Amino acid sequence: MVFRKPPDGGWGWVIVVVSFFTQFLCYGSPLAVGVLYLEWLDAFGEGKGKTAWVGSLANGIGLLASPVCSICVSSFGARPVAIFSGFMVAGGLMMSSFAPNIYFLYVSYGIVVGLGCGLLYTATVTITCQYFDKRRGLALGLISTGSSVGLFIYAALQRELIELYGLDGCLLIVGALSLNILACGSLMRPLESSSSPPPEKMFVDKVPDQYFVYHEKEKTVEENISILEKGYIDEKCVNNGPDCKQDSILNKNALSSINVNEKDTYKKKVVEQTNFCKQLAKRKWQLYLTYWKETMVLFKNKVFSALFVAILLFDIGGFPPSLLMEDVARSANISEDDYYMPLISIIGIMTTVGKLILGILADFKWVNTLYLYVTTLLMTGVALFAIPFAKSYLTLAMLSGILGFLTGNWSIFPYVTTKTVGIEKLTHAYGILMFFAGLGNSLGPPIVGWFYDWTQEYDTAFYFSGFCVLLGGFLLLLAALPCWNACTSQSSKLPPNTYSYKVASNS
């Protein structure tokens, strides 16, 4: 399918609006799952580590399955995938209201809702990139705030629905709201023009003539045609009796004259299809080999290797507060009368502010995006170390706002990846990094919950989280030091397709 030039406007702004609401509706409940987490703890009586798996799966499974999500959107298009995923998210939320145990929630809420969110994220980003080129950064920034606004609103909404209708009623209503994704998905009109010739036909036309010479295939075709001729003559002899000899001679002559061209055409078609399959299999195998070679080249880049470790450790340590902060407040014996706003809502609104401000800072030429990202990691680690010392709602609210703002560094992460590996390798590298980010999202909350089950307090858990984030930040800072560039310039030349990060972004 041939795509037209991105219009950078027009119907593209409708795509931005519906993509914003799609991310708002699908990510609102999973990101604000901390409110539901408290209810599941009371309802099922399981440990905090085991219960935390529900929210971590819902937020991590979409990133872990990002390669599969990309293949689905590429194969079927953004609109069908968005509509199908809307049913997945709504159905998973409604099924969760009937969950008899925590294991049922692993499937209904963790896997079904999480996979639906991953598909919707890929669909919204893909369709937005198709409609925008010059304003692509602005468009992607606008739709990415949908999840943060959803976190802010759904945290208060789910708490209110639980008080009015209970946990089951809350999940049913939230699932019904998610059905609006179907309306948003139906407006994702693909940006396509007339269809191009089928790829199979183009590949077959390009098969060289020398591949058409296969003696075994020719022999097999001739034998099949001889059998057909013999069967036809025998049938005529049985039906016509003594006249069969004369008819057989005439029919043989007729068949021989008619089947000359048919044999050549059939032989050519068989050989064409056989060699097309061989060439396609060989091409696919070469693509797999190329993919792994490029992956190994990426990991030879010391900054990329440090970046992959940093994003993994950041999500292991930095994601749990958005899930567990409400339980931290309850463990600190903070009265509900002191609550002016849910802590998760504060994290959500400050994440939106952080995405916008950090994204604007990254556009300035005098700002080094890698150092900016490292700064957010180090500050996040310090804020996590401070959580055990917070014993009032005010201090927890301040720390929630700081952590939410720093979590907005997701908006500059693509900038850092591009500077590290180059625009040519961005898609490949970003997919690998998102996989490890999803792994960190999935492991972080259960690890913190297990620390609580082991020590019966959150202090050790958040010391561990802060240590993970600080370690990732220091490793990335060490890999990006200017002295490495000097050592690299004095050493032998880098192999082709190997990228090194230049710390001075102005140079």
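Here the Cβ of each residue, glycine as well, is placed from N, Cα and C on the backbone.
These numbers come from a predicted model, not from an experiment.
Features of the protein shown, as given by TrEMBL:
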- 12-40: transmembrane segment (TRANSMEM)
- 52-73: transmembrane segment (TRANSMEM)
- 80-98: transmembrane segment (TRANSMEM)
- 104-125: transmembrane segment (TRANSMEM)
- 137-157: transmembrane segment (TRANSMEM)
- 169-188: transmembrane segment (TRANSMEM)
- 303-319: transmembrane segment (TRANSMEM)
- 339-358: transmembrane segment (TRANSMEM)
- 370-390: transmembrane segment (TRANSMEM)
- 396-417: transmembrane segment (TRANSMEM)
- 429-452: transmembrane segment (TRANSMEM)
- 464-484: transmembrane segment (TRANSMEM)
Can you tell me which of 12-40, 52-73, 104-125, 370-390, 464-484 gets the most C-beta pairs within less than 8 Å of the transmembrane segment (137-157)?
12-40
Cβ under 8 Å, sequence separation of at least 6 from the ends of the transmembrane segment (104-125): give me the contacting residues as numbers and ranges.
19, 22-23, 26-27, 29-30, 33, 40, 53-63, 65-66, 69-70, 72-73, 78-79, 81-82, 84-86, 88-89, 91-93, 95-96, 140, 143, 181, 185, 188
Which stretch from 12-40, 52-73, 169-188, 303-319, 464-484 shares the most C-beta pairs under 8 Å with the transmembrane segment (339-358)?
12-40
Surrounding residues of the transmembrane segment (396-417) on its own chain - C-beta under 8 Å, 6+ positions past either end:
141, 144, 148, 307, 311, 318, 321-322, 325, 328-329, 332, 334, 340-341, 343-344, 346-359, 361-362, 369-370, 372-373, 376-377, 379-380, 383-384, 386-387, 390, 426, 429-430, 433
Under an 8 Å Cβ to Cβ limit, what residues of the same chain, 6 or more beyond the ends of the transmembrane segment (52-73), are close to it?
30-31, 33-34, 36-37, 40, 81, 102, 105-106, 109-111, 113-119, 121-123, 126, 319-320, 323-324, 431, 434-435, 437-446, 448-449
Thinking of Cβ pairs under 8 Å, which stretch from 12-40, 303-319, 429-452, 464-484 has the most of them with the transmembrane segment (169-188)?
12-40
Among 12-40, 80-98, 303-319, 464-484, which stretch has the most Cβ pairs under 8 Å to the transmembrane segment (370-390)?
464-484
Any contact, the transmembrane segment (80-98) to the transmembrane segment (303-319), with at least 3 Cβ pairs under 8 A:
no
